[in-house]
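Asks: Before I ask anything, here is the structure I am working with.
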Amino acid sequence: MTTILRRLPPSEATGLRTGARHSLAELYRPRDLVVLGLGVMIGAGIFSIAGQQAATTAGPGVLLSFMIAGIASLLACLCYAELSSTMPTSGSAYTFTYVIFGEVWAWVIGWALILELQLAAAVVARAWGGLTVTAISNFGIKLPGEALVEDLLVFGILVLLTGIVALGARVGLRALWIMVSAKLLAIGAVIVVGLPHIDVANFGDFLVPPKTLPSSPATVLEVFVGESQAFGWFGIFAAASAIAFAYIGFDVVATSAEETVNAPRAVPRGMIRSLVIATVIYLAVALVMVGMVSFTKISVDTPLSSAFRVIGVDWMVHVIDAGAVLGLTTVILVLIVGQTRVLFSIARDGLIPRGLASVSRRYHTPTRVTLLIGFVAIMLAEFVPVLMLQELVVIGALFAFAFVAAGVIVMRRRMPYLERGFQVPLSPLLPALSLVATLWLMVNLRVMTWAWFALWMAFGLLVYLLYGRRHSLLARPRPRSNLDPARGRHRR
Ligand SMILES: NC(=[NH2+])NCCC[C@H](N)C(=O)O
């Protein structure tokens, strides 16, 4: 029992024991973090899920769903901000948990993060493929063998993005700045062109009367209530859980802490700023969408485009297509980066083979782990119906959010002396609220999602018991010479 609960000393959170061969160079400035955050957050959530939820579950009340999910995310974000300001490590929630709750919990969180990020990369790549094919056909170009073209496109984008990540953060960063700017322009156009077309009458039934659905209960909450409902307050809250997908991503910013200049101050700021900007953008887009047309006219497949078609501004379809294709590209890019950083940290601690944590001398990136992640993403996207597994991404993220919120409370009591670049205001109230909000979002996920997640976690525990427990760096006697703090980080 003592071995599996052994804790990483906070001073070693950034891998001080492992030497320079396993450390990353500092590269990001505060504004890069905002771009990173917007890069990974703004994607399928606003381009498609928002409209789907308005049409099927929340009506114009989707605006409230966005606010609810936004508040829950902001609470979680504050907790992430505090912990990453104390432990600026690329392991994010995994490393925080290692320091606060001990090894086996860290592994559990690491395993959940692997699921979240790896699956998300594949899910978003698949969605990207679909969008790109639609964008091409919207230009009136008829593709022969659409399914095959889509498969090839998905393969191509994953190879390209994995290559960019492997070649070095600088290449990726430049590409990211350009693409994020372009997607913000497209979204700006949606808001500016859409605003004058808002008709207050479309908000008429802001609270659409609730409807009991004939389908059997699917979410954990519905099983408790005994039926499924759409619209009304129930629908608004249910939609908020689906919309949480749009906000996740600020947590990925935390994985860049080890590569950020002056991380204890810059990371919290970057994370909070990008989330606030994303929230404002989301609310504006949602407002325009449900304000332009009645929610009953929004199509589930191409919600934003359909709204502009209804009001007769057809050229906006191409702008939205371009924004969505670029938007999802940056989501995949940053997800791959985040996943490499998490796996790199786990490998550095010895819980998976340490060879995966070696940093290429030439490119200064963890190349091996990057190629592995790219390969797995391609396999998943090509051979598994990943679009149906979207909720698993959300449960993985929320699971980590819960531990991070609890971690803030525990850490304040147990290590009050640690330096904190950022502190959650009103602790322990806000972290406790974050925990409650996260659990609430989690019970709104499907029972099936929970079952798959449990299976994945059980498998993970097995891996830990058979491998990680024995190979953990903490299982070895401490080599004195490696404790020189100057060896851990290097600047470039
Ligand atoms: N950390 C994650 N799993 N992020 C997935 C990001 C999804 C992104 N928020 C979107 O709307 O497309």
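Heads up, the Cβ atoms here are built off N, Cα and C, so glycines get one too.
TrEMBL does not curate its annotations; it predicts them automatically.
OK, TrEMBL features for this one:
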TRANSMEM  33-50  transmembrane segment
TRANSMEM  62-81  transmembrane segment
TRANSMEM  93-114  transmembrane segment
TRANSMEM  152-169  transmembrane segment
TRANSMEM  176-198  transmembrane segment
TRANSMEM  230-254  transmembrane segment
TRANSMEM  275-295  transmembrane segment
TRANSMEM  315-338  transmembrane segment
TRANSMEM  369-386  transmembrane segment
TRANSMEM  392-410  transmembrane segment
TRANSMEM  422-443  transmembrane segment
TRANSMEM  449-467  transmembrane segment
Asks: Applying the under-8 angstroms CB criterion, which one of 275-295, 315-338, 369-386, 392-410 scores highest with the transmembrane segment (230-254)?
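Replies: Per the Cβ count, the answer is 392-410.
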Asks: Does the transmembrane segment (422-443) come near the transmembrane segment (152-169), with 3+ Cβ pairs under 8 Å (pairs 6 or more apart)?
Replies: no
Asks: Okay, the transmembrane segment (33-50) and the transmembrane segment (93-114): do they have at least three CB pairs under 8 Å, pairs separated by 6 or more?
Replies: no
Asks: Most CB pairs under 8 Å with the transmembrane segment (176-198): which of 62-81, 152-169, 275-295, 315-338, 369-386?
Replies: 315-338
Asks: Can you see whether the transmembrane segment (275-295) and the transmembrane segment (369-386) are touching - at least 3 CB pairs under 8 angstroms, only pairs 6 or more apart in sequence?
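Replies: Between the transmembrane segment (275-295) and the transmembrane segment (369-386), contact is absent.
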Asks: Near the transmembrane segment (392-410), which same-chain residues lie under 8 Å Cβ to Cβ, leaving out any that are not at least 6 residues past its ends?
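Replies: Contacts with the transmembrane segment (392-410): 75-76, 79-80, 82-83, 92-93, 96-97, 100-101, 105, 109, 112-113, 115-117, 119-120, 123, 241, 244-245, 248, 251, 424, 427-428, 431-432, 434-435, 438-439, 441-442, 445, 449-450, 452-453, 456.
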Asks: Would you say the transmembrane segment (62-81) and the transmembrane segment (152-169) are touching, if the rule is that at least three C-beta pairs must lie under 8 angstroms and be 6 or more residues apart?
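Replies: No, since the transmembrane segment (152-169) and the transmembrane segment (62-81) share fewer than 3 Cβ pairs closer than 8 Å, they do not count as touching.
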Asks: Any residues 6+ beyond the ends of the transmembrane segment (315-338) with a Cβ under 8 Å from its own?
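Replies: Apart from its flanks, the transmembrane segment (315-338) reaches 36, 39-44, 47-48, 92, 117, 120-121, 124-125, 127-128, 131-132, 134-135, 138-139, 157-158, 161-162, 164-165, 169, 172, 175-176, 179-180, 182-183, 185-187, 189-190, 193, 249, 252, 255-256, 304-305, 308-309, 370, 373-374, 377.
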